[in-house]
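Student: This structure is in structure tokens; I'll ask about it shortly.
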């Protein structure tokens, strides 16, 4: 039982530390579409969201959206990513 608990905690810690892949959202809570864009566009968008990289993904049928690699869930949202980059925007610091 102790081994199972240690394994579970290890998995949670590794997922939290490494981040995951998420679709970043604009300030309007819409996804960044890439129907007419390239992977380079998505890579720039994702780096603004503090991800390692990004690419154009077509997981939703005909719709294409940018997907970020190794980004935290919080930073997948536009204003959260801004607050992470600029401490002056952080409400709790005021």
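The count begins at 1 with the first shown residue.
In case you wondered, yes, glycine gets a Cβ from its N, Cα and C as well.
Swiss-Prot lists 1-19 with the feature signal peptide, giving sequence analysis as the kind of evidence. Marked as domain 'LCN-type CS-alpha/beta' by Swiss-Prot on the basis of sequence analysis: 20-87. Taken from Swiss-Prot, the feature disulfide bond applies to 34-56, 42-66, 46-68.
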Student: What residues, ordered by sequence, lie under 8 A Cβ-to-Cβ from residue 68 (disulfide bond) and sit at least six positions away in the same chain?
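Tutor: In sequence order, 21, 22, 23, 24, 42, 45, 46, 49, 51, 52, 53, 54, 76 meet the Cβ cut-off.
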Student: Any same-chain residues 6+ apart from residue 34 (disulfide bond) with CB under 8 Å of its CB? Would you list them in sequence order, or say none?
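Tutor: Within the chain, residue 34 (disulfide bond) has Cβ neighbours under 8 Å at 41, 42, 56, 64, 65, 66.
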Student: Just to be sure I understand, if DSSP states are collapsed into helix, strand and coil, how many residues of the domain 'LCN-type CS-alpha/beta' (20-87) fall in each?
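Tutor: The domain 'LCN-type CS-alpha/beta' (20-87) comes out at 22 helix, 24 strand, 22 coil.
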Student: By Cβ count within 10 Å, point out the most packed of the disulfide-bonded residues listed: 42, 56.
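Tutor: That would be 42, with the most Cβ atoms nearby.
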Student: Ten-angstrom check, please: count other Cβ atoms within 10 Å of the Cβ of residue 66 (disulfide bond), all chains counted.
Tutor: 25
Student: Once the chains shown are all counted, how many other Cβ atoms turn up within 10 Å of the Cβ of residue 46 (disulfide bond)?
Tutor: 28
